[in-house]
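Down below is the structure, laid out as structure tokens.
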Amino acid sequence: MTDIIDGRAVAEGIRTDLGESIQTLKDEGVTPGLATVLMSDDPASETYVSMKQRDCEEVGINGIHIEIDPEAPAEELYETIDDLNEDPEVHGILVQMPVPDHVDSQQVLRAIDPKKDADGFHPENVGMLVAGHPRFKPCTPHGVQKLLESVDVDPEGKDVVIVGRSNIVGKPLANLLIQKAEGGNATVTVCHSRTDDLAAKTRDADVVVAACGVPELIDGSMLSDGVTVIDVGVNRVDADNEKGYELVGDVDFDSAKEKASAITPVPGGVGPMTRAMLLYNTVKAAGEQADVEVELP
Ligand SMILES: Nc1nc2c(c(=O)[nH]1)N[C@@H](CN(C=O)c1ccc(C(=O)N[C@@H](CCC(=O)O)C(=O)O)cc1)CN2
């Protein structure tokens, strides 16, 4: 029997646990605050930030949302970030990616105060993660770790193949999984578009994480029996329905399910966890900035 990993349920459990920490902070007079900044008219990005704001409301985090015209000069975004860095009611800042082409995304990430970097993308935080002392784990990789834990898959000693080498998912996840720490100690191979014979790599894996943004690239023929499959992809493909699209992952779910012992669906797998771990980082940031000890799930 294949275990279909319910990301919505795991995320709900994390939100419930975070509720207690948020109450601890409130008892000390601190309401955690998260600012989301959107400089894009991409409908998917708009959906993600509005979901993040809704999550904040649900758990009692003060959500502040700022929209910047995607045609505006980059300076408008930097000035907004400067203001948020100075605002004591804002503990976490997130700039929704991608930003428009005329904006240098690396400069954006460097502009955010590393102590308020709810995404964990600032070079200082990336360095801490690689050195094995993460301050803020990036949300999607952290969510993947939590999903593996939820089905008792301990990466220790396992062969994990990550398909995709992005700064948001592939690279930080590889670093987390090789760490000498709980949820780590795996042997990790990072594959990408120039990997020769991808199927030979994925077939050798105990755990496959697909994070390449190519709809249904990984199918059952590329997997071994008993593999755990984590699908990070959330791709909108044209469909003959009211919305005009449907969501599919980077994994062909139906054929992969026949091989996997556990697999995440899309939607309802990794996506909700990305959002839950953002709340986690915001609560952690608020606790550290206010010098209040909070328990984290
Ligand atoms: N600043 C950031 N930008 C981006 C990140 C990020 O972590 N930080 N990651 C991705 C997208 N992403 C986060 O913003 C994200 C993707 C998917 C979901 C999600 O909840 N998906 C749902 C379906 C949602 C829908 O109906 O469309 C699911 O999979 O069930 C949340 C966040 C790029 N940018």
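Note: Cβ is positioned from N, Cα and C throughout, glycine not excepted.
The 10 Å shell around the Cβ of Arg165 (NADP(+) binding site) contains 17 further Cβ atoms across the protein chains shown. According to TrEMBL, the NADP(+) binding site annotation covers Gly164, Arg165, Ser166, Val234.
Look at TrEMBL and you will find 5-119 tagged as domain 'Tetrahydrofolate dehydrogenase/cyclohydrolase catalytic'.
Positions annotated as domain 'Tetrahydrofolate dehydrogenase/cyclohydrolase NAD(P)-binding' by TrEMBL: 138-288.
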Determine the Cβ neighbour count for Gly164 (NADP(+) binding site): the number of other Cβ atoms within 10 Å of its Cβ.
24
Protein Cβ atoms within 10 Å of Ser166 (NADP(+) binding site), excluding its own
17
List, in residue order, those binding-site residues out of Gly164, Arg165, Ser166, Val234 with a Cβ under 6 Å from any atom belonging to ligand 1.
Val234
